[in-house]
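Listed features, source TrEMBL:
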- 106, 107, 108, 160: (6R)-10-formyltetrahydrofolate binding site (BINDING)
- 588-590, 614-617, 647-652, 667-668, 756, 803-805: NADP(+) binding site (BINDING)
- 335-412: domain 'Carrier' (DOMAIN)
- 160: site 'Essential for catalytic activity' (SITE)
């Protein structure tokens, strides 16, 4: 039956109509169309292309000659508007049924276009009728179009005016260049579309839709002479002009009496950075050579950043090195490096076949190489030296062989690391040090203002003063950050990086966090009110441990093999693979700002995902400092994005965004429920601030602790003594400046939370609970709350059912020995994050731990968390786990693969 099915499928395939085709054109694109048409079973009866250039055949000609397909190389098809008869006759001799023109720079006469039975089809890289003409991709970007695309159309006697056969479009990203569009969409999807179009014609299903004249445009060919930059334009127009000529023909200007071409433009959102002024002919304001490149100004006062400059002699340099150009001296090569240079030379010889000897002065491009040869060279080098990270840009930066080898050696030695990113800080001298705090959104490896320029104040809870004005991210910022994370995951270096290298970056980040732990702890203290010693040990210390723990997991993520029944006589193998999910959104709370960031993001990154993280609106500063450290550690752009701002705005957009594959959330239960409703198809891990009752550490971190013991059940026989001792210990606590090393109890995180705690205490008194101690605001500046103790708390009372999330101890009695009764009362809640039991009877302790409905049970200890132990709740205290191996699996998906052999 298997053989019959196979034969039936073969009959279906061969029943599809196949055509005899003539391919007219050139380039790597033409080569791919040719190869794919042959794979589909069409017969290529002739390839008509351009003559060899500098002794090198066009890629289309090379493939066709290799396959034995007739190849014709004509320099022209007509003279003075008339067809060259011998050329036309040579064409007619192949007997094509359809002409396919994937990319053609020659004028083809109409007696060739109309000759085949089915006529001719042409690929054009724009959404016709817009941007007719030979520079369609350039003009798509120059004019700031939001969409790009291509058209396959039927050739007629007009210029790109024939009926449309099919069209496809794609979104244009803010910093896309001509090369970006071509490589990401126009090339790969265009090849598929040409093959699809031919099959539609073969099947008699190809449409012919007349082009509308409305919206039609025609622009001239962009050449070097008409690509000069006109400076009296807004920044966005300048950016579009530069990227619309990147890489060909290259937008240029005059600097110091010589032509300089600009590459790698991006819009720059932020305050004016420091840099060295550079006068530019025709510009009303000098540019600034900064650490990240050349900052330029539009006539609207906005900025753009250019990363690379090319001089008249063809040499390209990073724009940041303009004033240092020519200062780099040659380095001596080791014997191993000399061997590598010989290997590279053999690759150049294979590509530059027209050059008899490769010398130090041999220029790759002046020897006849083109952009397609750049791709080939890089791929061949990567095959030979897999650990070497190379990009197309590197070849343009070092076009001569000696310069190219020097660049490779510096890369291998780690001497060409990127310059540090541009960071605007708010600096404060506090805690015997000067802390430098970024305050802008961190998107795609850059700090930038919010799209609409909005900011908000982040407040020091110790005295109510303003620490900084922080960027208030908008929906547009969310979209930019998600797009950057998606691109980093799908196309960037991160997705191609091996697991061990990923772990190395995480270890490096942990080292940097440890190196700057005192600054991080100080920022955490002034932004959240955490006591400094606690911030140093727990907030920062455990964050470092978390990153180190998960860094070790990166190269240990494994699938499994599964025995399944064999379909004899064949054998079967099923195995599973663990794969990263994609772009993850993470929303964290304000009680442990840095530690919660680490708990969520470390597992996420170790699994190979990218992330967009929203810190709590009231505590954004350590997250932004973390972003700076991640860049210093070498994380590729787009892998980590940080968006300070409103949960209702940023958090909601993240929860709704179609490109977010998982949302990790720590926050209140009502917000968690809203997120779940909006994300039925999206993976969500949610943890709530509410928890089951416990017996310890009520006042740890001012009670702002998701596993704080919100309610204590104390046996009657020890109740009164226990309460007495609690009050005695509270009276010994020092309340004050959290930066003071002797302080035990700092301010609550923010004013609204303090007011909520005071209201909570008032409710407890009204319901009849006994306020033994505290319940008031401390009489001093800032948001300080007295440690509070309630007794005689009945199960029906509000303070028994809802946690305070503050320094409030809620005590209820239970009869001596009534284990079953207290268990029933303890479990009579919809929450179950953590619990604890204190007893000298180990059998009783284990019994109670088994019966308590909570994700964590502490026995004779409390708050004893560790990065290797899973952490998460039951019931409405959330699902999914942080920390430990289980957290890693939250950010992985399992794929089953079955093979028959």
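Using the three backbone atoms N, Cα and C, a Cβ is placed for every residue, glycine included.
In this structure the C-alpha atoms belonging to residue 107 ((6R)-10-formyltetrahydrofolate binding site) and residue 652 (NADP(+) binding site) are separated by 55 Å. In sequence order, the binding-site residues near residue 652 (NADP(+) binding site) (Cα within 10 Å of its Cα) amount to none of 106, 108, 160. In the shown protein chains, 21 other C-beta atoms lie within 10 A of the C-beta of residue 160 ((6R)-10-formyltetrahydrofolate binding site). Calculated from their C-alpha atoms, the gap between residue 805 (NADP(+) binding site) and residue 108 ((6R)-10-formyltetrahydrofolate binding site) amounts to 78 Å. The distance from the Cα of residue 649 (NADP(+) binding site) to the Cα of residue 108 ((6R)-10-formyltetrahydrofolate binding site) comes to 56 Å. Cα separation, residue 617 (NADP(+) binding site) to residue 160 ((6R)-10-formyltetrahydrofolate binding site), rounded: 54 Å. Within 8 Å of the Cβ centroid of the (6R)-10-formyltetrahydrofolate site, not counting the listed residues 106, 107, 108, 160, the chain contributes 101, 104, 105. Between the C-alpha atoms of residue 614 (NADP(+) binding site) and residue 106 ((6R)-10-formyltetrahydrofolate binding site), the distance comes to 54 Å. Non-local contacts of residue 108 ((6R)-10-formyltetrahydrofolate binding site) by the CB criterion (under 8 A, 6+ apart in sequence, same chain) comprise 24, 77, 99, 101, 120, 155. Here the binding-site residues are 107, 805; the one with the fewest Cβ atoms within 10 Å of its Cβ is 107.
Across the domain 'Carrier' (335-412), DSSP helix (H, G, I), strand (E, B) and coil residues number 49 helix, 2 strand, 27 coil. Around residue 652 (NADP(+) binding site), taking its Cβ as the centre, 17 other Cβ atoms fall within 10 Å, counting all chains.
Across the structure, residue 756 (NADP(+) binding site) and residue 160 ((6R)-10-formyltetrahydrofolate binding site) place their CA atoms 69 angstrom apart. Here the CA atom of residue 160 ((6R)-10-formyltetrahydrofolate binding site) lies 54 Å from the CA atom of residue 588 (NADP(+) binding site).
In sequence order, 24, 50, 74, 76, 77 are the residues near residue 106 ((6R)-10-formyltetrahydrofolate binding site), counting only same-chain partners six or more apart with C-beta under 8 A. Note on the domain 'Carrier' (335-412): its mean pLDDT in the predicted model is 83.
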